[in-house]
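Student: Here it is: the structure, laid out below.
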Amino acid sequence: MDSLNPREQQEFSKLIEHKQMKDFMRLYSNLVERCFTDCVNDFTSSKLTSKEQTCISRCSEKFLKHSERVGLRFQEQNAAMGQGLGR
């Protein structure tokens, strides 16, 4: 990134921010869809039952922990690949 001029650096930063936002929105959408599908079964009321609320809390926590673990594994893999290239 050092070889880019200030304008190019700014454009590159905007691209990175856009991609990060897009990735976050995809993660959020997947979370909502999955937990809603798995947990919400009763459409006779406009409110969630306590069972549905508990299910959604557990589902979202599990989903986010899984996503975090996957991200960490990718970081570890990238670090290992970087070390292998540095030799």
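Just so it is clear, glycine is given a Cβ too, placed from its N, Cα and C backbone atoms.
For reference, Swiss-Prot lists these features for the protein:
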- Cys35-Cys59: disulfide bond (DISULFID)
- 35-59: motif 'Twin CX3C motif' (MOTIF)
- Cys39-Cys55: disulfide bond (DISULFID)
Student: Please list, for the motif 'Twin CX3C motif' (35-59), how many residues fall into helix, strand and coil according to DSSP.
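Tutor: Per DSSP, the residues of the motif 'Twin CX3C motif' (35-59) fall into 15 helix, 0 strand, 10 coil.
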Student: Cys55 (disulfide bond) has how many other Cβ neighbours within 10 Å of its own Cβ?
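Tutor: Total other Cβ atoms inside 10 Å, all chains included: 17.
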Student: What residues, ordered by sequence, lie under 8 A Cβ-to-Cβ from Cys59 (disulfide bond) and sit at least six positions away in the same chain?
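Tutor: Once residues fewer than 6 apart are set aside, Cys59 (disulfide bond) is near Arg34, Cys35, Asp38, Cys39.
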